[in-house]
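> Sharing the feature lines straight out of TrEMBL:
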- 20-40: transmembrane segment (TRANSMEM)
- 46-67: transmembrane segment (TRANSMEM)
- 144-165: transmembrane segment (TRANSMEM)
- 592-612: region 'Disordered' (REGION)
- 600-612: compositional bias 'Low complexity' (COMPBIAS)
- 650-672: region 'Disordered' (REGION)
- 653-670: compositional bias 'Low complexity' (COMPBIAS)
- 695-752: compositional bias 'Low complexity' (COMPBIAS)
- 695-902: region 'Disordered' (REGION)
- 753-762: compositional bias 'Gly residues' (COMPBIAS)
- 777-786: compositional bias 'Basic and acidic residues' (COMPBIAS)
- 802-813: compositional bias 'Basic and acidic residues' (COMPBIAS)
- 830-845: compositional bias 'Basic and acidic residues' (COMPBIAS)
- 855-871: compositional bias 'Low complexity' (COMPBIAS)
Amino acid sequence: MRSLARPLVVTRAGMLAERITRAFWPLWTLILATLAAVMLGGAAPLSARALVLAGGAVLLLAGWLGFRGLRRFVWPSREEALARIDATLKGRPIAALRDSQAIGQNDPRSRAVWTAHVARMGERLKTARPVRPDLRVARDDPMALRLIAATAFAAALIFGSVWHLRDVAGVPGAGGTAVAAGPSWEGWVEPPLHTGRPGLYLNDIPSGPLELPEGSRLVLRFYGQLGAITVEQDVTAPLPAPDDAATAEAGPEAQQAEELVGGGFEGVVSRSGSLRITGAQPRDWQIDVLADMAPTVEVTAPFEGRADGEMRQGFRATDDHGVEGGSAVLELDLPRLPRRHGLAPTPEPRDPITIDLPMTIAGDRSTFEEVLVERFAEHAWAGLPVTLRLEVRDAIGQTGEVRVTDIDLPRRSFYDPLAAGIVEQRRDLLWTRENAPRVAQILRAMTAYPDGFIKNEKGYLRLRLALHRLEAAMEGRGVPLAEGADTPAAAATPEDKIGDKTAAPRAAEAPRLVPVVNGLTPAMRDEVATMLWNAALMFEDGDLSSALERLRRAEDRLSEAMRNNAPEDEIARLMQELREAMQDYIREMAEQARRDENQQAEADQQGQQITGDQLQQMMDRIEELMRQGRTAEAQQLLDQLRQMMENMRISRQQGQQGQQGDQGQQSMQGLSETLREQQNLSDEAFRDLQQRFNPGQQGQQQGQRPGQQPGQQPGQQPGQQPGQQPGQQPGQGQPGDRQGNQPGSRPGDQPGQPGGSAGQGQGNPDATPGGPQGLADRQRALRDQLSRQTRNLPGAGTEAGEAAREALDRAGRAMDQAEDALREGLTSDALDRQSEAVEALREGMRNLGDAMADQQPGQQGQGQQNGRAQGPSGEGRDPLGREAGNQGRVGSDDALSDGEDVYRRARELLDEIRRRSGDQTRPSEELDYLRRLLEQF
């Protein structure tokens, strides 16, 4: 029992703490709550009588809780501690050691058993440990009052003050007079929020020089006898004191409180000077006011206008406490305006253009640089001289500005003469409605003889509709609307309602009429201007306007995401949106080129040329830079891409079939490589399945090959004549020989299945073991490779091209399903999906070849010959040095291309090669040759 000395003492002490906690937790909860309330200043606003009453109530409640706790408390005994320790031990060894043998005391065997039992219990007793007390009282305190009190006390220790206990200690007795402990004061300085400076507690600042921002709020509070503390200052005027008459009317109690509690001082620091406090804790500060300087702004780059009507102006803004905001104001510069033609009349008044300046979001606004980017291509002042005024302001309303003169508001460039003329008439109409008759006359002349002059029928109809709307308004057939009116009836004057009995009461509520010039209201003028702008865009871009707008929107959203450090998944989504918009834009430009071949060919000779592959490389580079976190470089490259798309002409020269053939050849070669790798992956998946279900097959193949006929020479093929070369084919394979040669063949098929040869996997340098998971990763890589290849396939817009894309999409979905099956360990299902992917790839290549043939009528053979001649030495040849087929065809001579279904014959030949390569009874030299053919194709 000596080993129980320490565990017994510790366990008994824990039981004591446990019972004290459960008996007296309401008492210490009340004590902590009372201390927290006093330390947080809860007793300061109470009168002496209220403090006495509250203290008495707390003492009574504490006494009752203490008495209740004493009744519940029971001192823990030694036996209870032993019982608690014994309950934690296996077999209760303490109780066993205290027992004695009841029967069989005279039996030696019984005594031996009892002795062994006691010894075993003694050993267990040595493992006794103190029992942890259970201090949880959640069952007795479901409202968690103890936790609330503890939290309040912790907050009082951090944010309160122990000096507030003097408010309770200084409570006078009944009928006594409250005597202040002594004169004291407190002071604070609160700088303006926009300065970002912390507040100051004046009691902690010694006398001497003190710098304060202009506009700081100074607060002083005096405690004790009135007049014991005085203030002398010349930095600000104090706030108005309470009215003495109002204090007298409040009664003697309020006057007495004013004398005892003392006064205070409050003001705003506006100038340098001194602040002196006399009395208790005297201070003397020489205050130096830091003036709030006005913000400044300056331009950092010349004003830039682009061909699409976009303006750019770089600027730098500075302020000592940060710029709050800013605006840019564009005003028409009439002195520099050439007043001729439609600009000769006096312009109608128009408000200046006011836009907000871009502000830095995450950086410091005390000094920053930004670029103002806006587009005013449709504004009435587009192309006219203007002045730009940049203005910034700080938090207190101070402003700074800079002017940029001798600039023109950028306008969109229109290269089509008809579109440029429409835009000029639109400008004249927006300049003043007095130009309406002149504009209508010129538009009638432009549309009088459209045959041979206007080729865009949609644009012509829009232009005629705008002209009809303009003439209808000038002839009075358009009803002018009053400002704020939704219907023409609301625009009628009070004189029109003379016969209405309710006209007089509603005359004051009639909307204000809009001035009408030449039958046009501002709303009608803007409507006609919008119609003219859309017609000009139709003549200039045809159907490109919507695609170009989607491309610009995608670029803007991606650029904004880069500036805001958007997450990676959002960047990837916006990049995909940009790719799709660019593909639509290129497709629209290609269709426009086919509609106007001569004009486009002339433009291509003079404009910038860039291919779709180069655009794709630029977008891939942007995405790579974003993944690496090089946002600035990615933004710069995106700006270059945007500028390039605004000015470029996609290279599409008619008659240069060689370039188109080369692009088609690259696509076909890439798809052929993908097909070969997919077939190899299917073979490896099949070998993996065979090794799992028939692991001894390889050892059997090292001896006599399965299916070898008796008397057959080693290395001789079945049915091979004596003296025949091992690599010589015995004849054309029968259709029945191709049974079971698909990559999706299941285990248990006849020998000769493709992919069932272990030797094939050993001879393939690309094969890498790794099980289903490694095959799944390679399947995913093949899927990504196919996705990249299908982005810029030729034949867009043709029936065969769309069929090729649909077949390749099916191949991609089959690859995804095969990857999922491999990751789940379903190799047989994966083989089926891989077989579907192979067939879909073949179908896509066949349709792609038809699309290329449709785009290059009569020059297919010439393109193939050029492709061979331009290739480097050694490329496009099989392992024996013979020329390989082109555009995904399997073969080595031109005879294979003769016939109506060359792709079916090529597929049959490839299937025959795969079937023979899976026949393990063939000589090793022939199998090696067949494997090299499969690797090539």
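Even glycines carry a Cβ here, placed using N, Cα and C.
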> DSSP says what for the compositional bias 'Basic and acidic residues' (830-845): how many helix, strand, coil residues?
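Final tally across the stretch: 16 helix, 0 strand, 0 coil.
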> Take the transmembrane segment (20-40) and find every residue of the same chain, 6 or more past its ends, with a Cβ under 8 Å from one of its Cβ atoms.
58, 61-62, 65-66, 68-70, 72-73, 135, 137, 140-141, 145-146, 148-150, 152-153, 155-157, 159-162, 164-165, 167-168
> For the compositional bias 'Basic and acidic residues' (777-786), what are the DSSP-based totals of helix, strand and coil residues?
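Across the compositional bias 'Basic and acidic residues' (777-786), the residues distribute as 10 helix, 0 strand, 0 coil.
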> For the compositional bias 'Basic and acidic residues' (802-813), DSSP counts of helix, strand and coil?
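For that range the per-state counts are 12 helix, 0 strand, 0 coil.
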